[in-house]
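Annotated features, as they stand in Swiss-Prot:
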type	residues	note
BINDING	C38, H60, C146	Zn(2+) 1 binding site
BINDING	Y39, S173, G174, G175, V176, T195, T196, S197	NADP(+) binding site
BINDING	D90, C93, C96, C104	Zn(2+) 2 binding site
Amino acid sequence: MKAIVVPGPKQGYKLEEVPDPKPGKDEVIIRVDRAALCYRDLLQLQGYYPRMKYPVILGHEVVGTIEEVGENIKGFEVGDKVISLLYAPDGTCEYCQIGEEAYCHHRLGYSEELDGFFAEKAKIKVTSLVKVPKGTPDEGAVLVPCVTGMIYRGIRRAGGIRKGELVLVTGASGGVGIHAIQVAKALGAKVIGVTTSEEKAKIIKQYADYVIVGTKFSEEAKKIGDVTLVIDTVGTPTFDESLKSLWMGGRIVQIGNVDPSQIYNLRLGYIILKDLKIVGHASATKKDAEDTLKLTQEGKIKPVIAGTVSLENIDEGYKMIKDKNKVGKVLVKP
């Protein structure tokens, strides 16, 4: 089969012919229907993921159809449409037992210790699998593990959303931001989308209740109302304004961190005196994925796709990811 393989640290990637995977105990083989490109791929190629075992197939977001099942597989069968978590938990530890699989000490990451999904077929451990409800588009399902489900989890850990709560999303036109708007609205929020582009603002207005254009957005946000939740999909460049935007008792779900070398000098006074909470994210759990798939199936979250590329044209996909004019997510169809 064809696959995108990373041969070693900082050695880029290659399109190669590799043997078809075979299922072991507690594993299935899927036909990859869609995968997705991510900024994380670029960070992996730059050497920021020390757990990678080489050579390894790149890609950590997937939806596919089961073609083979190994021994001990229960609850899944050939023909099932599934997604995978970003990692394979052991399924037995205390964290797995309470539904926080992302905290599993023995988890293995796809596109890290395990082969990923930029391939015609993929091998997935049963502990990673989540069934996709009938009628859910592939383009929406593939976004759940690392985009919509991750956002949902961050909001859940930040205490959820009250009906009518005012939420601000930075990087609102990006692959994460445009979907963060939709997740927040699906949960009952009013949403402010922030962008630096007048052209992108026209598109964001189709999803957000309010749009602010510019890098200094906190004062404009305050004129709209009391922002009590920020979903920051950018990182260091927007974090200070995100803090300033929040009213007393507010929360930030911090998702963006495009450049790990950037350091932010945190002003503790903002956190203490405004009684703020900062929430990170470790990717979706099975329950988060199931809940988000349901919202997607119901049409409350609609995938916004900037483009779809083949394995042979994956270079074009990465050019699209780096293009600041794109809106939405870039997918791979093997």
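Easy rule for this one: first residue shown is 1, then count along the chain.
Quick reminder: no glycine exception, Cβ is built from N, Cα and C everywhere.
Separating the Cα atoms of C146 (Zn(2+) 1 binding site) and G174 (NADP(+) binding site) is a whole-number distance of 13 Å. On its own chain, D90 (Zn(2+) 2 binding site) has C96, C104, H106, R107, T127 as residues at least 6 apart in sequence with a Cβ closer than 8 Å to its own Cβ. Of all the binding-site residues listed here (C38, C93, C96, C104, C146), the one with the fewest other CB atoms within 10 A of its own CB is C93. Non-local contacts of G175 (NADP(+) binding site) by the CB criterion (under 8 A, 6+ apart in sequence, same chain) comprise C38, V147, V304, A306, I321, G328, K329, V330. Taking only the Cα positions, the spacing between S173 (NADP(+) binding site) and H60 (Zn(2+) 1 binding site) is 22 angstrom. For H60 (Zn(2+) 1 binding site), the same-chain residues that are 6 or more apart in sequence and have a Cβ closer than 8 Å to its Cβ are C38, R40, D41, L86, G109, Y110, S111, G116, F117, P145, C146. Scoring each of the binding-site residues (T195, S197) by how many neighbouring Cβ atoms lie within 10 Å, the top position goes to T195. For the binding-site residues S173, T196, counting C-beta atoms within 10 A of each C-beta gives the highest total at S173. Within the set of binding-site residues (Y39, G174, V176), the lowest number of other Cβ atoms found within 10 Å of a Cβ is recorded at Y39. In three-state terms derived from DSSP, C146 (Zn(2+) 1 binding site) belongs to a helical segment. Whole-number maximum of the Cα to Cα distances across the NADP(+)-binding residues Y39, S173, G174, G175, V176, T195, T196, S197: 20 angstrom.
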